[in-house]
Amino acid sequence: MSDSKEPRVQQLGLLEEDPTTSGIRLFPRDFQFQQIHGHKSSTGCLGHGALVLQLLSFMLLAGVLVAILVQVSKVPSSLSQEQSEQDAIYQNLTQLKAAVGELSEKSKLQEIYQELTQLKAAVGELPEKSKLQEIYQELTRLKAAVGELPEKSKLQEIYQELTRLKAAVGELPEKSKLQEIYQELTRLKAAVGELPEKSKLQEIYQELTELKAAVGELPEKSKLQEIYQELTQLKAAVGELPDQSKQQQIYQELTDLKTAFERLCRHCPKDWTFFQGNCYFMSNSQRNWHDSVTACQEVRAQLVVIKTAEEQNFLQLQTSRSNRFSWMGLSDLNQEGTWQWVDGSPLSPSFQRYWNSGEPNNSGNEDCAEFSGSGWNDNRCDVDNYWICKKPAACFRDE
């Protein structure tokens with residue numbers, strides 16, 4: 001029986017798997033799988049564990065490879081960043097090197113600037129204005145050039161300018177001579193400060209001229225000769241720009257002369273106001289501009305024509321005190337926008353400042369000028385206003 005089983009076992013051995021690998025035996029009967037339990041089953045579990053370990057090892061190896069690939073991929077970008085940083089460092093080093101190269105020139109510029117400052121201070125005290133202005137202009141140009149820290153070619157130009165400047169300063173008078181000149185100027189300034197102002201002298205001279213003209217019309221010959229002699233003396237004294245004591249004497253003589261003259265006649269007719277050789281009449285009634293021109297002509301006068309800033313201030317004060325709108329002899333009737341006085345003279349550009357704000361505006365054919373508040377205004381010529389007449393002063397005797 002054993003002999004019969006042995007060939008069967010060998011035949012089955014051809015169909016049996018290794019129990020260490022699968023733990024399953026195949027039988028030709030019914031061609032089905034049959035699992036053998038017991039210790040054969042334990043051996044199959046151990047086979048599965050080895051597979052799991054192999055799978056885990058493979059996954060770990062794959063993770064390591066992925067990590068290596070990631071690190072390797074970062075290397076080019078890191079190298080590129082490192083290269084750009086090196087370029088930036090190199091550029092900064094180049095700029096620093098250039099800046100260091102300019103430091104020596106900067107110290108030289110500071111030296112030049114100090115010399116220029118000293119020269120400017122010295123020249124600023126000198127009295128020769130034309131020469132000083134030329135030097136000061138050169139100093140200003142040099143200072144501006146030095147302040148800009150110029151390049152080397154500019155430095156050479158500055159050195160040349162500085163050399164010429166030093167030569168120019170060397171031609172100026174020495175300090176002791178300057179002090180002498182300055183003292184002389186100080187004395188002259190003090191002396192001039194004691195003299196009467198030019199406007200005051202002109203006023204005195206004008207009054208003297210007017211008095212002389214008025215005296216010429218007086219009938220008493222002996223009295224006229226006496227007054228004329230005093231006028232001649234006063235005129236000569238004023239022409240010599242006398243010192244303060246002489247001025248007081250002139251003022252006293254002038255006062256006495258005016259007092260004596262006023263005993264003989266008045267400057268202006270009754271109800272007229274005298275100012276700087278002229279007589280002014282401020283009306284108490286109102287007329288339009290054309291009738292105001294006629295009213296002044298009837299008394300041998302003229303609707304006021306303003307010649308000086310002093311006269312304007314005087315008249316503006318008179319009208320503002322009385323709070324009256326008063327006609328003056330100014331209009332643009334001949335040509336719109338071209339203002340003329342009644343004597344035919346044009347309005348001076350310097351008088352444009354006397355118009356009130358926004359005037360003249362020609363609102364409703366306003367062609368005639370009036371005193372209004374603190375300035376001038378244009379108004380319609382047919383409006384009734386007060387008016388001001390003007391004529392030269394003369395001798396008017398009391399009746």
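Including glycine, each Cβ sits where the backbone N, Cα and C put it.
Source: prediction; values computed, not measured.
Per Swiss-Prot, the cysteine from C268, C279, C296 that shares a disulfide bond with C389 is C296. Its Cβ taken as reference, C368 (disulfide bond) is surrounded by 28 other Cβ atoms within 10 Å in the chains shown.
For the disulfide-bonded residues C389, C395, the greatest number of Cβ atoms within 10 Å around a candidate Cβ is found at C389. Non-local contacts of C381 (disulfide bond) by the CB criterion (under 8 A, 6+ apart in sequence, same chain) comprise N288, W289, H290, S331, L333, D367, C368. Rounded to a whole number, the C-alpha distance linking N361 (N-linked glycosylation site) with C296 (disulfide bond) is 27 angstrom. Taking Cα separation as the measure, C389 (disulfide bond) is nearest to C279 of the disulfide-bonded residues C268, C279, C395.
Residue environment of C268 (disulfide bond) contains 18 other Cβ atoms, counted within 10 Å of its Cβ in all protein chains.
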